[in-house]
Amino acid sequence: MGNNWIDESKSWYISDESLEYLDIVLNISLHGLLSSFGVMSNVLNMVIFIKLKLKNSMTVGLFALSFTDFYVTLLKLASCGSNLVEIMYPDSPVDPMMVGGYLFNLSYVFYLVSCWITTMLSVERCFCVVSPFTVRQTFTRGRCLTTIIVIYVVHIAIHLPVFIFTQVMWVPVETGANLTMSEQYILTFVIDENSAWWETLSDFVIGISLSVLSQVILIICTIWMIVCLKNSSKIRKLPSNEIKGVDESNTEDKFSKTPEQTLSPKENRMVKTVLWLSIIVSSCNVPRFITTFVHQIVPGMNLGAYENLEKLLWDISYFCGTSCCCFNIFVYIRLNSSYAKKLNRLLS
């Protein structure tokens, strides 16, 4: 009875035909175009940051973010290509869908790394607005690079067993109509119990626990940067005689009201840059967290009920994740004058 209900609920809200159409439009056409743009924009980002020289922790972090986003979009573009091959060559001896899924899972790991790098940049900018004169000594280029390496190692190490235990095998499949059934072999990935267990563990650790922690830190830093930018803006508008009249006994509680601790124009732009990067990441993560929440609270969905609806929700959340890795270039053009000048010279 229970299994029959789960099977029947598969297409209750989204029919199989509608899902197939949406899959072509969203996962192949739109996702492919967006990923192509992301690959090109992140290549430009990396080239320009190298030309600007990786002289401090901020430029190293922004380069690492572009490098990671490049691989996210490249792997997702390859995944879209695999889905297209599945439609155009259904009799392919290699299973394109499994190859696409393999590449897609790898891109998801890089995406989670990208979120943590953005969080790291946000923490650094928060420290900058609190203690601008010691931030360069605390967040050195070497420490920034070490942190990025640790982020990569943790995420890859947790997910690596999934790829190790996944086997590549020739699997027999039946093809043809009922009267002319034939058997052929296709090369595909076979997931055993060990691989499935590691995938569940990896999803819980880096996909939920670490991801939620990253998002919480990012939200706190985002709110803090917004408050500090507003305070800094108010101080710059005050006449100098009013600033000098600030009671020194209140400097600990109102650090932004002293002229020495207001942000310089360059620091202000960098804080705004990271702030907008944080807002983009947080906004694009909303569909993913909503889908995870819905998966857990809707009765039967974690057992396979409403399969088509859940797949559509995940497709939308993954599309938003790809968007997050594509649009940073517009933030740099708008808020980084050096970046904009280098880009104009490069494209002219």
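A Cβ is built for glycine as well, from the same backbone N, Cα and C atoms used for every other residue.
Features as listed in TrEMBL:
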- 41-332: domain 'G-protein coupled receptors family 1 profile' (DOMAIN)
- 24-48: transmembrane segment (TRANSMEM)
- 60-79: transmembrane segment (TRANSMEM)
- 99-123: transmembrane segment (TRANSMEM)
- 144-165: transmembrane segment (TRANSMEM)
- 204-227: transmembrane segment (TRANSMEM)
- 274-296: transmembrane segment (TRANSMEM)
- 316-335: transmembrane segment (TRANSMEM)
Over the domain 'G-protein coupled receptors family 1 profile' (41-332), what is the model's average pLDDT?
83
Residues of the parent chain within Cβ reach of the transmembrane segment (24-48), under 8 Å, 6 or more residues beyond its termini
62-63, 66-67, 69-70, 72-74, 76-77, 80-81, 83-84, 87, 315-316, 318-319, 322-323, 325-329, 332, 339, 342-343, 346
Short question: which residues 6 or more past the ends of the transmembrane segment (144-165) have a Cβ under 8 Å from it?
57, 60-61, 64, 102, 105-106, 109, 112-113, 116-117, 120, 124, 191-192, 194-195, 198-199, 201-202, 205-206, 210
The transmembrane segment (99-123): which same-chain residues, six or more beyond its ends, come within Cβ distance under 8 Å?
58, 61-62, 64-65, 68-69, 71-73, 75-76, 78-83, 86, 144, 147-148, 151-152, 155-156, 159, 162-163, 166, 189, 206-207, 210-211, 214-215, 217-218, 221-222, 225, 274-275, 277-278, 281, 285, 318, 321, 324-325
